[in-house]
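Enquirer: If you scroll down you'll find the structure; I have some questions about it.
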Amino acid sequence: MGGRGRSRRTQRKHFRDGRENVWKKEKETQTEGEENTNNDNKRPVHWQPFAIENAAFDVYYKEQGIVPPHEWDSFVECLRKPLPAAFRINSSSQFSTDLRSQLEDEFMKSLQSEVTDGNDAEGIKSLSWYPDKFAWQSSFSRMQLRKNKSLERFHEFLKQENEIGNITRQEAVSMVPPLFLDVHRDHFVLDMCAAPGSKTFQLLEMIHQTSEVGTLPSGMVIANDVDVQRCNLLIHQTKRMCTANLIVTNHEAQHFPGCHMRKNLVNVSDLGMTELLFDRVLCDVPCSGDGTLRKAPDIWKKWSVGMANGVHCLQLQIAMRGLALLKTGGRMVYSTCSMNPVENEAVVSEILRRCGDSVELVDVSTELPQLIRRPGLKSWKVRDKGVWLASHKDACKHGRPGIVPSMFPSGQVHVDTPDSDQKITAGEIVEEGETADVLVSEVSSLPLERCMRIVPHDQNTGAFFVAVLQKIAPLPVLQTKSNKQSDSDEKVKQVEVAVEKNANEMDVEVTNEEPAKASADAGVVDNESDEAFLDTNPSKKLKASEPESNKVNSRAAKANDKRKLQVQGKWYGVDPVVFFKDDAILTNIKEFYGIHDWFPFSNRLLTRNSDTNHVKRIYYMSESVKSVVELNFLGGEQLKITSIGLKMFERQTSREGTSTPCVFRISSEGLPLLLPHMTKQIACASPGDFKHLLQYKSIKFPDLVDDGFREKVATLSLGCCVVVLNQGNEGLSDPPKVDKSTIAIGCWKGRSSLSVMVTAIDCQELLERLLVRFETEKGSLPDNKLANGDEAVKTDDVEVRQDSETVTLATTVG
């Protein structure tokens with residue numbers, strides 16, 4: 001199944017995210033003589049956009065009845081229009097209310113005059129169904145935003161705020177599935193097919209929404225994707241969130257590992273969990289993507305019924321795996337950006353049939369009442385190679401092995417018998433070119449009307465399908481047993497190990513052999529359970545030496561060797577996850593920055609380098625992430641982790657060659673979490689000095705305007721420090737009191753100057769936010785004069801060399 005999944009994923013790249021916007025018209029000059037031999041003049045000829053129609057599409061969806069006949073023209077007309085741009089304000093951003101006010105007070109008015117479509121009353125508006133007016137939609141397509149000069153300022157606003165992380169540009173209907181998950185701050189959440197990461201970002205916002213300054217929620221999110229390059233996109237997207245509660249993994253979703261702790265470790269471990277299960281699962285599966293026709297009109301030309309038929313089985317496998325990883329009482333949302341019932345209701349129907357009373361399709365019709373949605377279909381047909389099929393019996397008669405029973409409303413399997421060779425009646429099969437009016441479809445007895453269909457012409461969006469499933473009891477054993485497991489149970493016996501705890505390491509001995517056994521609820525093969533690889537430092541590959549008395553047969557031994565290779569070199573090309581335990585460095589960091597003893601550092605720091613003598617970056621993880629990492633070690637490192645935790649410290653050296661008391665600086669991402677717990681290397685700057693730092697990046701000490709700030713900076717040690725904006729009362733205490741309104745930036749104190757360690761775009765964004773705030777509350781920021789009365793001159797002479805890829809994200813504590 002892995003090979004089939006990969007081929008389908010290759011198809012998916014052409015159907016979903018990552019496409020170019022092909023609405024634009026390209027220009028090319030051709031000679032008129034090529035079109036008309038009677039005229040030798042030249043004139044520009046405009047290439048037209050892709051043909052936005054497909055006869056097979058019309059035939060298929062008219063027959064499926066996804067909209068009533070009298071709505072068909074409106075439905076298709078809307079599909080042929082470009083999709084309006086939409087975006088979401090990051091609710092956890094310190095400036096979320098400021099951004100909302102700017103949209104309401106400034107852009108709603110300025111963009112009104114640019115509306116060209118008479119049906120739209122507003123140039124930009126909040127989505128009524130999204131909580132707290134944090135989601136917005138414009139009346140302009142992405143192409144219009146890029147090309148229309150009068151929209152340039154709004155477009156630059158969107159680009160800048162998106163890059164900073166204050167907003168996320170996201171299709172409106174794509175925001176819907178996370179809202180129905182009902183995520184709480186203590187939930188363990190799995191996003192099975194997460195890239196490019198906009199929904200993952202939403203989930204992280206929900207986890208962090210009620211967090212106090214300097215604290216972390218007890219929940220976490222695992223974001224998974226099968227494609228390594230898309231994982232990189234996912235990491236880039238979620239990095240803007242600055243969270244210690246995230247793990248990014250790289251697995252086939254249908255085979256996502258359950259991280260079962262080895263049975264012989266259950267009684268000796270105090271971890272509190274023996275397998276990885278989740279409170280919430282988002283199952284936004286790969287699909288044909290015809291719900292995104294407005295965003296990607298190239299699909300019109302490519303569309304065929306085979307696109308949906310080809311991914312049905314993969315979608316079902318992923319959904320069943322998601323339910324297996326879901327805790328009893330947990331909720332899973334299954335969603336697609338497809339309109340095809342074979343990818344939607346058919347998958348949900350088969351889930352309910354397989355799971356029986358273990359899973360319930362939840363009625364959420366009263367939730368988000370302002371979101372217009374249609375009920376799910378209870379009857380549909382399957383079409384394959386120009387033929388309409390009413391049931392699996394018809395598929396068998398026409399020799400269509402790729403059409404499986406689960407695609408039909410009843411899900412009934414037809415088995416050929418000696419008496420089943422009957423003639424096909426005129427009403428059973430309809431050939432290509434004929435109507436299907438006489439074809440009687442099966443009708444499902446399941447409550448599929450509880451599913452949600454979002455169609456484009458209801459609220460000027462794309463199309464989407466959502467189903468909410470509740471797991472009310474453990475799944476039947478037959479539905480949780482892995483496909484890989486049955487073979488391994490018969491061929492190879494697992495070697496179990498006994499563990500003795502010794503200080504910070506776990507030493508391993510082989511004690512006996514026992515057949516492999518599966519978990520009833522999560523059902524994944526523990527391919528590594530015969531290995532004695534339990535140290536929390538993956539660079540140490542412990543080898544279990546088996547006693548001579550425990551010789552296995554040659555076939556089992558050969559398989560055992562293969563398993564050892566998988567464990568020892570399982571994730572080649574991926575940086576290891578190593579707990580950071582250098583007490584000398586950690587003590588130095590804590591003393592230099594005056595970090596309170598109660599701040600939880602124990603077993604919360606890690607690196608991605610097995611050579612701890614050359615560590616460049618130290619990452620911090622929440623308690624929930626730490627528990628998953630420990631379970632992963634105890635289960636043989638089944639998770640392929642591509643990104644984890646929050647970058648908190650980076651090794652830093654000075655261009656001046658001056659030695660500093662601490663070679664690790666605080667990263668911009670880690671500062672909001674750490675600042676409330678710091679007592680040293682902090683200075684409060686006046687609004688004028690803070691403005692100058694943002695504008696000119698580096699200022700000589702004599703040029704600092706405020707005497708108190710200059711004196712405070714003089715007392716700081718060389719190296720990394722934090723500059724906090726004095727908004728009125730911060731200077732009254734030392735260290736300053738930190739709350740959600742605190743604004744701070746990381747800086748570097750050299751021998752003669754103070755330099756900011758924030759990128760230019762982050763400085764610009766923060767400066768603009770401060771200008772708006774000060775103009776609203778206090779008049780304006782101070783002028784551009786330095787202490788000597790001269791105009792500040794912008795300089796790039798920053799006395800710092802960075803050993804990281806880049807300095808990112810201006811820091812705001814909220």
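Here the Cβ of each residue, glycine as well, is placed from N, Cα and C on the backbone.
The shown structure was predicted, so the numbers you read here are calculated from the model rather than taken from an experiment.
If you look up TrEMBL, you'll see C337 marked as active site, nucleophile. Residues annotated as S-adenosyl-L-methionine binding site in TrEMBL: C193, A194, A195, P196, G197, S198, K199, D225, D284. Residues or ranges marked as compositional bias 'Basic residues' by TrEMBL: 1-16. Taken from TrEMBL, the feature compositional bias 'Basic and acidic residues' covers 17-30. Taken from TrEMBL, the feature domain 'SAM-dependent MTase RsmB/NOP-type' covers 75-472.
Show me how these features fit into the structure around them.
Expert: Within 10 Å of the C-beta of K199 (S-adenosyl-L-methionine binding site) there are 26 other C-beta atoms, taking all protein chains into account.
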Enquirer: Please give the S-adenosyl-L-methionine site's span as the largest CA-CA distance among C193, A194, A195, P196, G197, S198, K199, D225, D284, to the nearest whole angstrom.
Expert: 13
Enquirer: Tell me, how many other CB atoms lie within 10 A of the CB of A195 (S-adenosyl-L-methionine binding site), whichever protein chain they belong to?
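Expert: So the number of other Cβ atoms within 10 Å of A195 (S-adenosyl-L-methionine binding site) is 25.
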Enquirer: Measuring CB to CB from G197 (S-adenosyl-L-methionine binding site), give everything in the same chain under 8 Å that is also at least six residues away in sequence.
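Expert: Same-chain residues close to G197 (S-adenosyl-L-methionine binding site) (Cβ under 8 Å, separated by 6 or more) are A223, L233, L234, I235, H236, Q237, T238.
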Enquirer: Rounded to a whole number, how many Å is the Cα of C193 (S-adenosyl-L-methionine binding site) away from the Cα of C337 (active site, nucleophile)?
Expert: 13
Enquirer: Show which residues of the chain containing D284 (S-adenosyl-L-methionine binding site), separated from it by at least 6 in sequence, have their CB under 8 Å from its CB.
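Expert: Listed in sequence order, they are P177, D191, M192, C193, K199, V333, S335, T336.
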Enquirer: Once C193, A194, A195, P196, G197, S198, K199, D225, D284 are set aside, which residues in the chain still have Cβ within 8 Å of the Cβ centroid of the S-adenosyl-L-methionine site?
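Expert: Output for this site, in sequence order: D191, T200, A223, R230, L234.
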